[in-house]
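If you check Swiss-Prot, you get these features:
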- 12-182: domain 'FAD-binding PCMH-type' (DOMAIN)
- ARG158: active site (ACT_SITE)
- SER228: active site, proton donor (ACT_SITE)
- GLU324: active site (ACT_SITE)
Amino acid sequence: MQNLQPFHTFSLPVQAQKIIEITDIEQLKQQWAACQTNKLPVLLLGQGSNVLFLRDFQGVVLLNRLMGIQHTQDADFHYLHVNGGENWHQLVAWSIQQGIFGLENLALIPGCAGSAPIQNIGAYGVEFKDVCDYVEVLNLHTNEIFRLSNEQCQFGYRDSIFKHAYATGYVIIAVGLKLSKNWIPVLKYGSLANLEKSAVNAQQIFDEVCAIRRSKLPDPAEFGNAGSFFKNPVISKVDFDHLQQEYPDIPHFPQADGRVKLAAGWLIDQCGLKGYQLGGAAVHQQQALVLINQQDATSSDVVELAHHIRQKVAQRFAVWLQPEVRFIDEDGEVDSEQAIC
């Protein structure tokens, strides 16, 4: 067995039978085929920033280290072809240095470019789907490489086709980004709204987003974590109206389909759970949406804490939180909501 602790940001004491860095597509095909022949579970992992290992993984972990960025342009757009192993935050920083704008709101989101479409990562009013041109996929069953358009990816809130029809036996080897040269800053959320739209530049937004995230979110090098543990729940307008009568100050964000998104961190905070500790796992003091490895936490500590939070929020608000983090059991991914029921 090999130590998985350095390869996931929760930094839990788990192992895998074997861990292999993948640097080219032929190697990826060969390693996948070998796992199939030997009937071994296989897990494709980027930087492990959005996973919770429930137990030792009884198979092979393939680390996506496919690197490289290609930049082309026309009169109206910049086009970036980014291989899946590239670090997302470093890509955002690089793009601004190159005078390519539009990714700045997504600064400091952990993980690889190849993981970004799976969750449809988003922050401060921008989601991956807003900048995605295509996603390049390898079908490991047939060794065919194909591209899915933005529409074909079926992006939703922290959701995509890569969590469903293309969840198993497919790997994102590259993403295509399309960024307008007619840059318009997105300043909807938080302290970004205080910036002057007519004078602000992308570097200032990048710096502000980094400052906000660093002030609210723990550094995984200090306290292991996987960022936002729960999704922000989206509820019906009727249910929201009932809640607002009881909690007039409840933060909320109307959605295009008429439903209303709530702030999961606020719900957890209202239950008095900031700083709450169970075993070695705890709710972060600054951001209740983040669960941390406070001190030598085990996987079961994190699961029990998540269960406790979910129950408390449901008892108070009649809203059931869903994990945003992917749960990995000994032979592969499992339903995260079921795991904490």
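Using N, Cα and C of the backbone, Cβ positions are placed for all residues, glycine too.
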- Item | Alpha-carbon spacing, GLU324 (active site) to ARG158 (active site), which is rounded to whole Å | 7
- Whole-number Å only: compute the distance from the Cα of the residue listed as 'active site, proton donor' to the Cα of ARG158 (active site). 11
- For the domain 'FAD-binding PCMH-type' (12-182), the averaged pLDDT of the predicted model is 97
- Query: Which state, by DSSP, holds the residue listed as 'active site, proton donor': helix, strand or coil?
  - Reply: strand
